[in-house]
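Taken verbatim from Swiss-Prot:
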SIGNAL    1-23  signal peptide
DOMAIN    26-253  domain 'Peptidase S1'
DISULFID  Cys51-Cys67  disulfide bond
ACT_SITE  His66  active site, charge relay system
ACT_SITE  Asp110  active site, charge relay system
DISULFID  Cys143-Cys214  disulfide bond
DISULFID  Cys175-Cys193  disulfide bond
DISULFID  Cys204-Cys228  disulfide bond
ACT_SITE  Ser208  active site, charge relay system
Amino acid sequence: MSFSSSALVFLVAGIYMSSESFHTEIIGGREVQPHSRPFMASIQYRGKHICGGVLIHPQWVLTAAHCYSRGHSPTVVLGAHSLSKNEPMKQTFEIKEFIPFSGFKSGTNDIMLIKLRTAAELNKHVQLLHLRSKNYIRDGTKCQVTGWGSTKPDVLTTSDTLQEVTVTIISRKRCNSQSYYNHKPVITKDMICAGDRRGEKDSCKGDSGGPLICKGVFHALVSGGYKCGISNKPGVYTLLTKKYQTWIKSKLAPSSAH
């Protein structure tokens with residue numbers, strides 16, 4: 001996000017990606033039943049979780065563009081619940097290619113495809129999450145966000161186990177208002193805000209790239225926010241609009257043809 005003077009930080013575990021404090025952990029949530037979210041991916045650098053992601057094709061993961069970093073021996077882990085345990089259902093992949101959206105710049109268009117070097121083996125613990133989103137989510141809609149991010153706003157370490165929290169969609173008009181983000185950043189039509197009126201439920205550091213699911217539909221990706229768990233600074237998400245879905249389909253088309 002173009003977070004100018006209000007200083008926002010992307011939700012990347014262990015790495016501050018922009019100004020001063022844009023977040024990425026699950027605040028106020030709970031641990032999910034192990035392996036009940038089989039579409040979740042952990043993007044890791046040198047074996048350390050940095051961002052979440054979503055498996056949308058056996059060889060493709062969708063995540064946030066700001067999760068990209070040169071070097072660092074990047075891998076993607078599928079089928080995980082605990083990041084530290086040697087779970088037999090885990091599948092680990094080298095990354096063949098990072099493809100950020102061509103319009104990504106300082107947070108706008110914060111979406112990226114990752115092509116795995118080999119295709120995942122789909123089974124009970126590793127499954128796809130299909131794109132069925134529309135351009136609009138009604139204000140007040142309850143949604144779930146999932147990730148391995150921090151669980152306390154003042155502790156910047158990731159959660160070992162997968163967490164989930166229910167957040168509420170906040171209208172773009174309100175999120176851009178003076179009492180919220182005041183257009184720093186501007187919440188565009190390709191973005192959406194979600195949080196909690198009391199600031200008790202939020203995404204935060206380490207959750208970037210994970211899914212926002214509303215009534216069973218994959219609508220958005222975690223992007224960032226100002227710190228964590230602040231009522232008038234909710235999480236900011238990349239909305240999976242028609243523009244992005246068309247781009248995704250164009251990139252996946254050659255893979256589907258094989």
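First residue shown is number 1, and so on along the chain.
Each Cβ is built from the backbone N, Cα and C atoms, and glycine gets one as well.
Features as recorded by Swiss-Prot, highlighted on the structure.
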residue : record                           : Cβ neighbours (10 Å)
His66   : active site, charge relay system : 28
Cys67   : disulfide bond                   : 28
Asp110  : active site, charge relay system : 29
Cys143  : disulfide bond                   : 21
Cys175  : disulfide bond                   : 25
Cys193  : disulfide bond                   : 23
Cys204  : disulfide bond                   : 33
Ser208  : active site, charge relay system : 35
Cys214  : disulfide bond                   : 21
Cys228  : disulfide bond                   : 31
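Counting every protein chain shown, 36 other Cβ atoms lie within 10 Å of the Cβ of Cys51 (disulfide bond).
Of the recorded residues, Cys204 (disulfide bond) and Cys143 (disulfide bond) place their C-alpha atoms 15 Å from one another. Ser208 (active site, charge relay system) has His66, Cys67 nearby among the recorded positions His66, Cys67, Cys143, Cys214, Cys228, counting only those with a Cα within 10 angstroms of its own Cα. Per-residue confidence over the domain 'Peptidase S1' (26-253) averages out at a pLDDT of 90. Among the recorded positions Asp110, Cys143, Cys175, Cys193, Cys214, Cys228, the ones whose Cα sits within 10 Å of the Cα of Cys67 (disulfide bond) are Asp110. His66 (active site, charge relay system) sits 6 Å from Asp110 (active site, charge relay system), taking the Cα positions as reference.
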